[in-house]
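Taken from Swiss-Prot, the feature region 'Framework-1' covers 1-23. Here Swiss-Prot flags Cys23-Cys92 as disulfide bond. The annotation region 'Complementarity-determining-1' is assigned in Swiss-Prot to 24-38. Look at Swiss-Prot and you will find 39-53 tagged as region 'Framework-2'. Under the heading region 'Complementarity-determining-2', Swiss-Prot lists 54-60. Annotation comment: Swiss-Prot describes 61-92 as region 'Framework-3'. Among the features that Swiss-Prot reports, region 'Complementarity-determining-3' is placed at 93-101. Per Swiss-Prot, the feature region 'Framework-4' maps to 102-111.
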Amino acid sequence: NIVLTQSPASLAVSLGQRATISCRASESVDSYGNSFMHWYQQKPGQPPKLLIYLASNLESGVPARFSGSGSRTDFTLTIDPVEADDAATYYCQQNNEDPLTFGAGTKLELK
């Protein structure tokens, strides 16, 4: 199974500042010219919401404050600027190889 390691486990960011979350895969998640890495936001009591698909593509309706980058094994989710509504837990997920796997999550708190 591909293991996804997120860092940091938690972070506190002031409103208007930048938040950066990293996800490292134990092996490449690239195939056919795409990176099969996705990012989700989850708030308590709610299902996960897809933010970024295929490493860098913004899901419809998601603010452009969210962006994703990376390839092969190293990926980043950036939120810039952070707004109050962004307090949540963020997960990376790969589906290049079965079984699909998730990172352990990064909890974003507002200072």
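Along the chain as shown, residues are numbered 1 onward.
From the backbone N, Cα and C atoms, a Cβ is placed for every residue, glycine too.
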Positions whose Cβ lies under 8 angstroms from the region 'Framework-4' (102-111), at least six residues beyond its ends: 4-15, 19, 21, 23, 42, 79, 82, 84, 86-93
Dominant neighbour of the region 'Framework-1' (1-23) in 39-53, 54-60, 61-92, 93-101, by Cβ pairs under 8 Å: 61-92
DSSP helix/strand/coil residue counts for the region 'Framework-1' (1-23): 0 helix, 13 strand, 10 coil
Under 8 Å by Cβ from Cys23 (disulfide bond), same chain, sequence gap 6 or more: Leu4, Thr5, Gln6, Met37, Trp39, Gly70, Asp74, Phe75, Thr76, Leu77, Cys92, Gly103
